[in-house]
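Working notes, structure below.
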Amino acid sequence: MIKPGIIMGNLISVTGGFLLAAKGSVDLTLMLMTILGLSLVVASGCGLNNCIDRDIDAKMQRTRNRVTVTGEISVYSVLVFSLALGLIGFGLLAIFTNKIALLFAVIGYLVYVGIYSLYMKRHSVYGTLIGSFSGAVPPVVGYCAVTGEIDTGAVILLLMFSLWQMPHSYAIAIFRYKDYAAAKIPVLPVAKGMTRAKLHIVLYIAVFSLVSALLPLAGYTGIAFMAVTCATSLWWLGMALKGYQRDINLNQWARQVFGCSIVTITALSIAMAMDFQLVVQTPLLTLSN
C-alpha cells in the first residue's frame with residue numbers, strides 16, 4: 001500500500017543529499033527527523049496514489065492484488081491513513097527543518113498526487129516528465145534541510161535526479177509494456193513506440209552523466225565522486241546502447257537497464273555523502289524562518 005521499495009530508494013537519496021550538505025558536521029537529530037518526516041510524506045503520497053489508481057491497477061497484472069483493488073482494506077481507510085501519515089510527516093519537517101526544505105516537500109507532494117496521479121499519468125505521454133520532478137525532490141529536501149537555501153548544489157541535485165528518473169521509468173514501461181497498454185496509460189513505449197523509447201533512454205542517460213559531473217566540477221564533491229560518476233554512467237550508457245543490437249530481447253534488456261539505474265543512483269548517493277567538499281556558495285534563494 002505504501003510501496004516500501006520506493007520509500008527505501010528515497011531514504012537513500014535524502015540521506016545522500018543531507019550528508020552532502022552537512023560536509024561532515026552532522027546534526028543527528030535533524031538528519032533523523034528529516035529522513036523520518038520525508039519518508040512519511042512519501043508513504044502518504046504512495047497511499048493516495050493507490051487510491052487514485054485503483055481502477056487502472058485492476059487492469060494490470062503487477063498491481064491487481066493491491067488492497068485498494070481487492071477491497072481487503074476500504075479506500076476510505078487507506079485515504080485516512082495516508083492523510084495521517086502526510087500530516088505527521090509535514091509536521092516533522094515543519095518543526096525540525098526549514099521553510100525551503102518544507103516547500104520542496106510540499107511542491108513534490110502536490111505534483112505527484114495532484115498533477116501526475118490525478119491527470120498526467122492517464123492522459124499525457126509527458127506524465128513521466130512531470131512525475132520525475134517529484135521523484136527528484138527527496139535529495140533536495142535533505143540538502144536544503146541543512147543549508148536552508150537554494151544554491152547551485154541544490155539545483156544540480158534537482159536536475160540530476162530528475163534526469164535519472166526518465167530512463168529508469170522508461171525501462172520499467174518497456175518490461176511492463178503489456179500492463180501499461182492494458183490500462184491504456186500513455187507512457188512513451190506505448191504511445192510512441194519502442195524505437196522512440198530506446199532513443200530517449202540513451203539521450204537522458206547521456207545528459208544525466210554530464211549533469212552528475214557538475215557536482216565535482218562545481219566543487220561540491222571530489223575526485224572519488226567523479227570516478228564513481230564516470231564508471232557507473234558509462235556502464236549504464238553502454239547497457240542502454242545494447243538496445244540497438246539485432247535480435248535483442250527487449251524485456252531482458254529493459255530489466256538490465258533498470259538494474260543499472262538502481263546501482264548507479266545508489267552508488268552516486270553514497271559517493272556524494274562521503275566525498276563532499278567545502279564550498280562557499282552564494283544562495284539563489286533564502287527564506288527566513
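In case you wondered, yes, glycine gets a Cβ from its N, Cα and C as well.
Residues or ranges marked as transmembrane segment in Swiss-Prot (evidence: sequence analysis): 1-21 (among others). Using a Cβ-Cβ cut-off under 8 Å and counting only residues 6 or more beyond its ends in the same chain, the transmembrane segment (1-21) has close neighbours at 31, 34-35, 38-39, 42-43, 46-47, 50, 66-68, 73, 78, 82, 85, 138-147, 153, 157, 161, 220-221, 262, 265-266, 268-270, 272-274, 276.
Summarising the annotation, Swiss-Prot assigns transmembrane segment to 28-48 (among others) and lists sequence analysis as the type of evidence.
According to Swiss-Prot, the transmembrane segment annotation covers 76-96 (among others), on the basis of sequence analysis. Cβ atoms under 8 Å from those of the transmembrane segment (76-96) belong to residues 1-2, 29-30, 33-34, 36-48, 50-51, 67-68, 102, 105-106, 109, 141, 145 of the same chain, restricted to positions at least 6 beyond its ends.
Marked as transmembrane segment by Swiss-Prot: 100-120 (among others).
Feature annotation from Swiss-Prot assigns transmembrane segment to 125-145 (among others).
Residues of the same chain lying 6 or more positions beyond the ends of the transmembrane segment (155-175) and with a Cβ under 8 Å from any Cβ of it are 13, 17, 20, 128-129, 131-133, 135-140, 143, 187-190, 194, 197, 200-202, 204-205, 207-208, 211-212, 214-215, 218, 220, 236, 240, 250-251, 253-255, 257-258, 261-262, 264-265, 268, 284. The transmembrane segment annotation in Swiss-Prot covers 155-175 (among others), and the record cites sequence analysis as its basis.
Long-range contacts of the transmembrane segment (199-219) within the same chain: residues 152-153, 156-157, 159-160, 163-164, 166-167, 170-171, 188, 225-226, 229-230, 233-234, 236-237, 240-241, 243, 257, 268, 272, 277, 279, each at least 6 residues beyond the stretch ends and with a Cβ under 8 Å from a Cβ of the stretch. Look at Swiss-Prot and you will find 199-219 (among others) tagged as transmembrane segment, backed by sequence analysis.
The feature transmembrane segment is assigned by Swiss-Prot to 221-241 (among others), with sequence analysis given as support. Beyond its flanks by at least six residues, the transmembrane segment (221-241) meets 20, 167, 198, 201-202, 205-206, 208-209, 212-213, 215, 253, 256-257, 260-261, 263-264, 267-268, 271-272, 274-277 of its own chain at Cβ-Cβ distances under 8 Å.
Positions annotated as transmembrane segment by Swiss-Prot, on the basis of sequence analysis: 260-280 (among others).
Long-range Cβ contacts of the transmembrane segment (100-120) within its own chain (Cβ-Cβ under 8 Å, at least 6 residues beyond either end) map to 34, 37-38, 41, 44-45, 48-49, 52-53, 86, 89-90, 93-94, 126-127, 130-131, 133-138, 140-142, 144-145, 147-150, 285-287.
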